[in-house]
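What TrEMBL records for this protein:
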| type | residues | note |
| --- | --- | --- |
| ACT_SITE | GLU125 | active site, proton donor |
| ACT_SITE | ASP272 | active site |
| ACT_SITE | GLU366 | active site, proton donor |
| ACT_SITE | GLU384 | active site |
| BINDING | THR470 | Ca(2+) binding site |
| DOMAIN | 657-746 | domain 'PA' |
| SIGNAL | 1-20 | signal peptide |
Amino acid sequence: TTMPTILLLLTLLGVLYSHGHGMSREEKRKFRNQVVEMFDHAYQNYMDHAYPADELMPLTCRGRVRGLEPSRGDVDDALGKFSLTLIDTLDTLVLLNKTTEFEAAVRKVLSDVTLDNDIVVSVFETNIRVLGGLLGGHSMALMLKERGEHMQWYQDELLHMAKDLGLRLLPAFNTSSGLPYPRVNLKHGVWGPDSRTGTETDTCTACAGTIILEFAALSRYTGDPVFEAHARRAMDFLWEKRQRNSNLVGTTINIHSGEWVRRDSGVGAGIDSYYEYLLKAYILLGDDMFLQRFNIHYASIMKYISQPPLLLDVHIHKPLLPARTWMDSLLAFFPGLQVLKGDIRPAIETHEMLYQVTKKHNFLPEAFTTDFRVHWAQHPLRPEFAESTYFLYKATGDPYYLEAGRTILDNLNRFARVPCGFAAMKDVRTGSHEDRMDSFFLAEMFKYLFLLFAEDEELLFDVEDYVFTTEAHFLPLSLSTTVLTLSNEELDDSNFDWTCPNTRLLFPDPAFPRNLREPIRSAVDRSCPRPAPYRYVLEPGMGRPPLRAQDFMANNPEHLELLRRMGVSLIHLKDGRVQLVQHPSQAVSTVAAEDGVRFMQEMMELSSQQQKEQLPPRAIQIVSHPFFGRVVLTAGPAQFGTDLSKSSTGVRGFVTIAEPYSGCSEITNAEYVQGHIALLQRGQCMFAEKARHIQKAGAIGGIVIDDNEGSSSDTAPLFQMAGDGRSTDDITLPLLFLFHKEGNILLEALKEYREVEVLLSDKARDRGVTLGFSVNAAALLPFPTFPCGEL
């Protein structure tokens, strides 16, 4: 009975959109071709400069091999010497109609990649990127083979590799709880004397709860139920350990006892894909139990965490108490999940907030505050915002989301594109780069952007027949017909709203999304002081909301009285600073004590924010041929000399190595240093002394390069170069500091091109536009860029 209504809606929408200001098919094709060109630039540079290494380092044009580069801590757990980027990219090649390249890539994986490596890897990352990549590749190979043109030789070789990898991950699940260890040795498992792992006690909720799609697909493809059984057991345990009053889960859990180690709950880092896999496990496997659990969690998320357009972490035991005043960029996937759930209004609102933050900073910072300032400034080219943009476009048909996709493309080309690929942003405020291009950039970003601009008839296969894993790998929905032994848990229909997840949803009124977006745009644009984002319960007799950290003044008697009521006392230190101490038992009530906890958290965040703001990084942009402003190095400032943050143009000049290189005595090559930016080596004397010597020689600026081999802004915190204890008012040129690795990029460029021009500034200038190159910088791009918003 509902069919005619749906058809009527379709016709109506067609009429409405045809008269709107949508994007023409030609424009969409242009952007789709641009996505393919950008993918080629990233993929070809990986194959030319990095393969068989796991990742490309796009600034130094070489592969990242674990153990040969300085450790980046947990980030390196994704690397397992198994050509990660190639495996992660397999099914992207098919989606982009690169079937010949796919066939060649599969042959490369089968001939070159070994899994029997004595290396400790993340169970979570290896599952979603490598196991998922192999299964996505296998599902694409089967689809192509069936069509009769490509892959006729294929005999399930990727599936055999996937099973081999699955067996190598299984030892991690050998715990009394069924939750996996966070890391496993690919060769020696977890327990053995050679494994170098197995001592961990904690894992994140997403780490344990993002296994079911890949493991169930592996079980159903191979007929071996052991993988799905282990993944289900982990999911069952997390469900059992949810907080029963709030129905929320924490961020970190003890894998042996099941105790929550971190009790904050949100939809971003540490939890995100657990919720995603509950809904998608229902879609892929057809097991109602997963949908029921998802719906119960979702109701709690919407009750406590969702405060449109914000999604804010809370404590699982006290869900009305906020856990922090900032959001992380991983939550950008959530509007896409809400589309699958069929809850489009909050998806539109949160996406719009994220879009405005993106326009403000060019990319989503890793974390940003509730008033949309930068909290953590990096951006590792994450695809979650593009993912939600695609799903919202599919759901609404609103061409606004095509414009959002165009903004993503534009910003990637303007700010992240470098000669050897695309480089992660070290700092969205300065535009400086990190020598990093994660495999998920190729696995996910280009898939979602291609799908956004592609017409259905331009695709080799119907994406509606597949579910996207959290790494955007394709698993066919036909796997659900392969029924294995399922859980017998009774279903409670009382808390059960059936959803029919399909990205082909329709929205009756195209104006409706626009009405939801308008107020959010102005909120982010102005970054005006917002009302407190938490839900405050007014305490009887108190008569006013509690004190906010940013409003606090230590000499205000009213503020001190408010602190006393919240159980916070103030100690005056000898150096003039004040210290705050909280004793919840001294608060006038439990509500006031909770306010005190929140006030202390805000004060700590405010304090760390102020400390960060004292150390703004600077940018060194290589503007001469063949870089044309595309490589931006992260530099530390000096406490003396020209303050580049107060200069609208920065200082531009050719670089010259000073002699002596230390800069600790009079410069002997002054005729070359004059009018140039001098390169100096760290050490042997004070920074201010170096600055005075090059200034006397007529330099217009200086760059000090760290002499500590292997140091890098990727792994070491920036610092300000201090003066020498006496007045430095006589130093009038800018001096910046580069770690060894970034300095080497500059020195190598000088060796190769002799004449290297750089711009020293507080933030990178737009490539090829405001830098005023005489050459055609756009030659690097096959399409024009689309300036949008201020840099």
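The backbone N, Cα and C atoms fix where each Cβ goes, glycine too.
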Nonlocal residues around the residue listed as 'Ca(2+) binding site', in sequence order (Cβ under 8 Å, 6 or more apart):
ILE128, THR210, LEU213, ASP272, SER273, GLU276, TYR277, PHE333
What is the three-state DSSP composition of the domain 'PA' (657-746), stated as helix, strand and coil residue counts?
21 helix, 16 strand, 53 coil
Using Cβ-Cβ distances, find the residues under 8 Å from GLU384 (active site) that belong to the same chain and are at least 6 apart in sequence, listing them in sequence order.
SER329, LEU330, LEU331, ALA332, PHE333, GLY336
Spatial separation of GLU366 (active site, proton donor) from GLU125 (active site, proton donor) - C-alpha basis, Å:
19
May I ask which residues of the same chain, at least 6 positions away in sequence, place their Cβ under 8 angstroms from the Cβ of GLU366 (active site, proton donor)?
ASP328, SER329, HIS375, TRP376, ALA377, GLN378, HIS379, PRO380
Within the predicted model, mean pLDDT of the domain 'PA' (657-746):
93
Hey, what's the Cβ neighbour count for GLU125 (active site, proton donor) at 10 Å?
24
